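Lifted from TrEMBL, the feature list:
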type	residues	note
DOMAIN	12-34	domain 'Anoctamin dimerisation'
DOMAIN	37-588	domain 'Anoctamin transmembrane'
TRANSMEM	45-78	transmembrane segment
TRANSMEM	126-143	transmembrane segment
TRANSMEM	199-226	transmembrane segment
TRANSMEM	246-269	transmembrane segment
TRANSMEM	289-310	transmembrane segment
TRANSMEM	417-440	transmembrane segment
TRANSMEM	464-488	transmembrane segment
Amino acid sequence: MTPPEGLQAPGLNQRQVLSQHWARWRKWNKYQPLDHVRRYFGEKVALYFAWLGFYTGWLLPAAAVGTLVFLVGCSMLFSDTPTQELCSSADSFEMCPLCPDCPFWLLSSICALVQAGRLFDHGGTVFFSLFMALWAVLFLEYWKRKSATLAYRWGCSDYEDIEERPRPQFAASAPTMALNPITGEDEPYFPERSRLHRVLAGSVVVVMMVAVVVMFLVSIILYRAIMAILVSKSDNTVLTAWASRIASLTGSVVNLIFILILSKIYVALAHVLTRWEMHRTQTKFEDAFTLKVFIFQFVNFYSSPIYIAFFKGRFVGYPGNYHTLFGIRNEECAAGGCLIELAQELLVIMVGKQIINNVQEILIPKLKGWWQKVRLRSRKRQAGAAMAAGRAPWEADYELLPCEGLFDEYLEMVLQFGFVTIFVAACPLAPLFALLNNWVEIRLDARKFVSESRRPVAERAQDIGIWFHILAGLKHLAVISNAFLLAFSSDVLPRAYYQWSRARDLRGFVNFTLARAPPAFAAAHNRTCRYQAFRDDDGQYSRTYWNLLAIRLAFVIVFEHVVFSIGRVLDLLVPDIPESVEIKVKREYYLAKQALAENEALFGAGGAKDNQPLAQEMRLGPQA
């Protein structure tokens, strides 16, 4: 909660108070002075920092539990029976090549990768996935309460319905005027049918850009397959053994570069499309723009992790009958499995993106600010203006960078929320990395608004807009994603099935998960080999595969229903608006009704007749 505002210092203005008590690094462990932020920057900026601080605070329990789950994995590292069997198998299991020109390899050679995978892939991950699903539900429920409290305190609960006026750009371009039934005034008007046509046309462009992202994803898949072949031909035995992992890691880096480049292009395109759609208010404009960009960024950032989590290694066939894409053999999971590869992808994208963004927020404003000052001073010298020794503060502030708004800040945090929730089963440390980043992010953003950019025009807002609905959508997607991730990408269910049907101590589990290459493949290569699958010697799915498939589908259904049911109960138990705020709202409504009655009594029948529509509305009661 935000403490009472008591930041008063003689001789300091509001900006200096914020600079000393909010935007300094040593204040990282202090509450944010949200009322001061609101008075200086307006409700919209204050709500962003309120949400960011609230989200960061809620990451504390998630990071603590995630770290505990990771430590449990560390404790199991050298005591897990299947892992010890694999590491001590020597040359017992010779594996089939992972690509056309790759060599045969020994399963024991990936001991380190399997041990790393055990840090994330164990029974504690199931508990943590359930915990994070309920964490997301409670986080959003309690944010609704916090948002309602702040909106009431700052007097903007009905801003969008009553106070918000048409955008100046809309007013300048609207073809006609129409009567506003709420205000009773003529306002600029654009036909809804025409807007719908433009929205549909813009949606086609969005779909085309999403298709471009998918094309880049396919190119990354082909890149990894080709790179694995090239590295496997190396004379260096170390490179040959790690060919798939090198291809996967470099593919992740190339994918991150593509993501950052495409993001810049699409944001500019989305802005043009949204202006063309002629949305009446700034809130509607920002919601439409946000939705367009987020759809693209969702595909841009999450397509590669989704591919690794749910598609890679699923359609490869078997030795002697491998499936291909454009003539290239479909990718198999790298040695060690797809889950450790997914964790690697998440760390590269999530941590890499956070580091790049933070470096950009530190260095780029300083470089831009320096260039801005050089350019303005050069312009003054050309105009022959004297450079006064003591400039007015507003003149110095003019040399600061223009404020770029909150969109990029929200987008960065919402994408982070997606990584923290959607793929948390593969990386329990994601909440910890997010928490550490956000502690830095709050002070970086505070310094940027207070010291490095011009003061933005104060704007009112009653909530965080469409971002809340996007977060709610990610919350539901996270439940489905983690259910399938645990069921189909993790070893939790195969281990449980083996314990139930074969051996409770998991001895022999490694051999249980390996199939033998068909006789024709063995004869063609004059040697036999193993591969990870539940198939018989002819390459057909075994009975174990179908039993496990039924168990996996049942797990998905049970997991989803349990989480959604508990989430629905929590939604009903936690009111969206605190009782104290509801009482204050009802009290204000009562006083307004009393004032209207006194007004009618004071001015008589004439006043009552004039106020009849308002009186009817008051009798209907508050609609919120």
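Backbone N, Cα and C define each Cβ position, glycine as well.
TrEMBL does not curate its annotations; it predicts them automatically.
Helix first, then strand, then coil: DSSP counts for the domain 'Anoctamin dimerisation' (12-34) stand at 12 helix, 0 strand, 11 coil.
Outside the transmembrane segment (289-310) by six or more residues, the chain places 202, 206, 209-210, 213-214, 217, 220-221, 252, 255, 259, 262-263, 266-267, 270-271, 273-274, 338, 341-342, 345-346, 349, 353, 407, 410-411, 414-415, 418, 422-423, 426, 465-467, 470, 481, 484-485, 488-489 with a CB less than 8 A from a CB of the stretch. By the Cβ criterion (distance under 8 Å, sequence gap of 6 or more), the transmembrane segment (126-143) is not counted as touching the transmembrane segment (199-226), fewer than 3 such pairs being found.
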